[in-house]
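Below is one structure, written out as structure tokens; comments come after it.
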């Protein structure tokens, strides 16, 4: 139950409805402050004072929409439930589009009220946690390894942060270039483990050397083994081992990897003496491990062992609000390293960045930005400073375009691209465009904008 500890703001100009609702809320264990007038209710509002607001839509002198606006201005963290009669459902839907959490239609059952309050309180709690994490990430943007404002990536990082201090193995999935090693660094830094972070790319090793690389070997274990050598598990003792491209671990080594994850024991190649390692494992792959399980190329028991917690990283094309943020961050970093001023970005350059799909994700963006900083020579970055594939992304050009020669749809698409490039997130972009987020989502899908 989330409702019993909630403080509810109740605004309704009908005395009998106000009294009945207050009684029901009290029966749930809620604290209630009730008002007949919207202006009086807004005078009582302060950030963090109320966990949820129940606001009647039809009131005077301020109606529910005006109270909603006032609440969003004074206490934007407070979820608002609009209470409406049957004939005003359409207006209530508009209120939801304007930022209300949901609406409740009169007459309603007490159980429906209880469920709605519980859902609203939980929604507010989750939003509060998300804001806190975003604030933390904002403080870390210059010093930390991950730069983002995307809610999907923030959620992924929140999950990683939640389990960082545990011993649970973490499996990071995502396309190449999305920053899987940075997540391993993120987890390690928050784990409290004093040992090092050791990384190994399993796909970069010859199959016959994977076992030796992971567990070490003794002199004479195989041709070329001229001295004892510690493996990655031994070097990561007390710390974290990042197993990149874990799907490429050969089947015979998968058995030994499972053993060390289960018991902490392993042997060097050529030595029967058991050794122990206190290692937290973060594994990563850009492949479909479920498909590998079906094909029999990856052990099911190993999969469930490494996937104690799964963290999925969205590709850059699915978080367009991060493209400009990352470009500016990387541009400043590369310029500083080269002893040049922090570059400015033309509107055309930002539009080109937003229009391109970035199949290589953040790694490709890094290369494009570094190249642009070099070619701009301290001046503003223009599309001509980008690689050809970015310059040729539909909608990007150095030349002004005669809008009269374009269709209305193309003009709208280009305008949306520019606004997305300049906005910090979809909510801000929708506000600038004068549409709601659902409409923006449909237009993005229609125009192939991620």
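Each residue, glycine too, has its Cβ placed from N, Cα and C.
Region 'Disordered' is the annotation TrEMBL gives to one range among 384-403, 404-423, 424-443, and that range is 384-403. Residue counts for the domain 'Response regulatory' (7-121) under DSSP (helix as H, G, I; strand as E, B; rest coil) come to 55 helix, 24 strand, 36 coil. Here the Cβ of residue 56 (4-aspartylphosphate) has 25 other Cβ atoms within 10 Å, regardless of which shown protein chain they belong to. The average pLDDT computed for the domain 'Sigma-54 factor interaction' (146-374) is 91.
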